[in-house]
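The block underneath contains the structure these notes are about, expressed in C-alpha cells.
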Amino acid sequence: MALNSSADDGIKRIQDDCPKAGRHSYIFVMIPTLYSIIFVVGIFGNSLVVIVIYFYMKLKTVASVFLLNLALADLCFLLTLPVWAVYTAMEYRWPFGNHLCKIASAGISFNLYASVFLLTCLSIDRYLAIVHPMKSRLRRTMLVAKVTCVVIWLLAGLASLPAVIHRNVYFIENTNSTVCAFHYESQNSTLPVGLGLTKNILGFMFPFLIILTSYTLIWKALKKAYEIQKNKPRNDDIFRIIMAIVLFFFFSWIPHQIFTFLDVLIQLGVIRDCKIADVVDTAMPITICIAYFNNCLNPLFYGFLGKKFKKYFLQLLKYIPPKAKSHSSLSTKMSTLSYRPSDNMNSSAKKPASCFEVE
C-alpha cells in the first residue's frame, strides 16, 4: 500500500497511490476465516502445551522452559487475531481506535521476534545437550534458561517498539476509509529500509543460519555415533526429524520475509507499478497466515518429539489430573531420537537413550 500524506485533521489524512491494491472480495472472506481457524486451533493447542509443561512435567528442564515461553508468546499474539479478522472482514476499515492499532501491531511484531529467538535458543540448547552434554552441564541450568527467556522477551519488546511508534490510524481520502498502517514520509527512506532489513536479518536470516548450523552439527554427531553402532534405521529417523525442523522454519517464514521486503520497496517508491502492489498487498495476509499458523503449531511440533510430552498430553485429553509429586527424571533431552552422544564418541557402545525429550 503506497501512501501519500495530504492533511492533518485529528486523524491524519493521506492518499493511496494504488487504492485497489489487495482489496478483493475473496480476501475479505478467506483471511478472516483463516484467522478464526488459527485462533481456535492456536488457543486450544498452546493452552494445552502450557498446562502439560507446567502442571504435568513440572517445568524441570531447559528445553521445557523455552517451549513454555514459546507457547506463551504465541498466546499473546493469538489474542490480537480477532481484531485483525474483524479489520479484514470490514474490508480494511479500522474501527478500534489508534491505541488498539498500535497494541495489535506490536503483538504481531513481538510474536515474530520472540518465537524466532526462542526457537534459535532451543536449537543451541539441543546442540549443547546432545553434542557436548558434559561440557555444557554447568551452563545449561534452569536459572540460565529463565534469564535467557527474560532477555528474549525484552529484546522482542524492543524490536516491537517501531510498531508502537510508527503504526497509526489514517484516513485514506480516495477510498474514504480509515486504516491501521505504517506511513513513511517520502523524504525519509532510512526508517522503512531499517525496519525492513531488521525484520529480514534479525527476524529470519541470522536465526535461520544458527538453527541450520546447530541441527547440522547435531546430525553429524549422531550420524557418527550411529555408524559406530551400525544403526542405520535410527540414523534415517534422525535425518528426517532434523530436516523437518529446519525446513518447517524456513518455508514458514520465507514467503512473509520476501513480501515484507517488496512492501518496503513499494513504500519507498522504488516499485510504483500498481499491479505489483496489488500482488504484494494480496499475498501479504496469506503469508502472515502461513507464518503464524506454523508458528502457533511449533510448541506442539517440538513437544510431540518427546515421548513424555505425548504421554502427558494424552492424559490431559483424557482428563487425568497430574500427580501431586513431580517425577524424578533427570533427563534434559528433547525428541524420539534414542542416543545422546557424549563428548567422547568412542564411548557409545551402550544402549541408546533418548536425546530430544522435553523431560
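Cβ coordinates come from backbone N, Cα and C, glycine included.
Remember, it's a predicted structure, so these values are computed and weren't measured experimentally.
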Residue pair K60, E227: same membrane side in Swiss-Prot:
yes
Going by what Swiss-Prot says, which of N188, N346 is noted as N-linked glycosylation site?
N188
Let me make sure I read this right: Swiss-Prot says C180 forms a disulphide bond with another cysteine. Which one, out of C101, C121, C274?
C101
Choose one of C121, C149, C274: the cysteine that Swiss-Prot connects to C18 by a disulfide bond.
C274
Between the stretches 62-89, 191-216, 279-304, which wins on the count of C-beta pairs under 8 angstroms to the transmembrane segment (142-165)?
62-89
Using a Cβ distance cut-off of under 8 Å, indicate which of 191-216, 240-268, 279-304 has the most pairs with the transmembrane segment (26-55).
279-304
Between C18 (disulfide bond) and K199 (angiotensin II binding site), the C-alpha gap once rounded to whole angstrom:
24
Verify whether three or more Cβ pairs under 8 angstroms connect the transmembrane segment (240-268) with the transmembrane segment (62-89), leaving out any pair fewer than 6 apart in sequence.
no
To the nearest whole angstrom, what is the C-alpha distance linking F182 (angiotensin II binding site) and C274 (disulfide bond)?
18
Candidates Q15, D17, R167, H183, K199 (binding-site residues) - the one closest to C101 (disulfide bond) by CA:
R167
